Amino acid sequence: MMSFVSLLLVGILFHATQAEQLTKCEVFRELKDLKDYGGVSLPEWVCTAFHTSGYDTQAIVQNNDSTEYGLFQINNKIWCKDDQNPHSSNICNISCDKFLDDDLTDDIMCVKKILDKVGINYWLAHKALCSEKLDQWLCEKL
């Protein structure tokens with residue numbers, strides 16, 4: 001019985017430390033430090049994150065010669081470093097796997113660098129889907 005309880009606790013703790021699928025309101029709260037940064041509103045960020053990763057902090061997209069990581073799909077050729085692309089510019093000075101957890105602090109720091117260097121158009125979903133009719137991306141439960 002004791003080993004079953006121990007195994008159950010390990011399973012619970014393991015799940016608690018894993019990345020997760022966030023809700024709209026969780027993303028809204030987590031991204032508060034991005035509000036109006038670079039002229040981009042919080043609803044625009046929530047919309048962009050949804051259309052970029054589906055709010056999945058573990059999202060990984062393999063392209064022909066690069067990989068994109070996390071909630072914001074940050075690319076390993078320029079912004080972060082991984083084993084696939086060890087000669088990355090690594091402008092954010094970070095390992096790409098840091099974008100795969102539910103601590104968005106490092107993601108937000110890199111997003112700000114991306115905004116400063118290339119602007120919001122880095123995220124193709126923004127212009128196409130997140131520049132108008134943003135009321136649906138608000139969270140009433142703050």
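Backbone N, Cα and C define each Cβ position, glycine as well.
Copied over from Swiss-Prot, here are the features:
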- K98, D101, D103, D106, D107: Ca(2+) binding site (BINDING)
- C25-C139: disulfide bond (DISULFID)
- C47-C130: disulfide bond (DISULFID)
- C80-C96: disulfide bond (DISULFID)
- C92-C110: disulfide bond (DISULFID)
- N64: N-linked glycosylation site (CARBOHYD)
- N93: N-linked glycosylation site (CARBOHYD)
- 1-18: signal peptide (SIGNAL)
Provide the three-state secondary structure of D106 (Ca(2+) binding site) computed with DSSP.
-> helix
Which residue, out of the binding-site residues D101, D103, D106, D107, shows the minimum number of other Cβ atoms inside 10 Å of its Cβ in this structure?
-> D103
Find the shortest Cα-Cα separation between D101 (Ca(2+) binding site) and the disulfide-bonded residues C47, C92, C110, and name the residue that gives it.
-> C110
Around the Cβ of C130 (disulfide bond), the count of other Cβ atoms that are within 10 Å = 24
For the recorded Ca(2+) site formed by K98, D101, D103, D106, D107, name the remaining residues of the chain with Cβ within 8 Å of the site's Cβ center, in chain order.
-> G70, F99, L100, D102, L104, T105
Surrounding CB atoms that lie within 10 Å of the CB of C139 (disulfide bond), all protein chains | 15
K98, D103, D106 screened against C80 (disulfide bond), Cα within 10 Å - retained binding-site residues = K98
Keeping only the recorded positions of C25, C47, N64, C92, N93, C130 whose C-alpha lies within 10 A of that of D107 (Ca(2+) binding site) yields C92
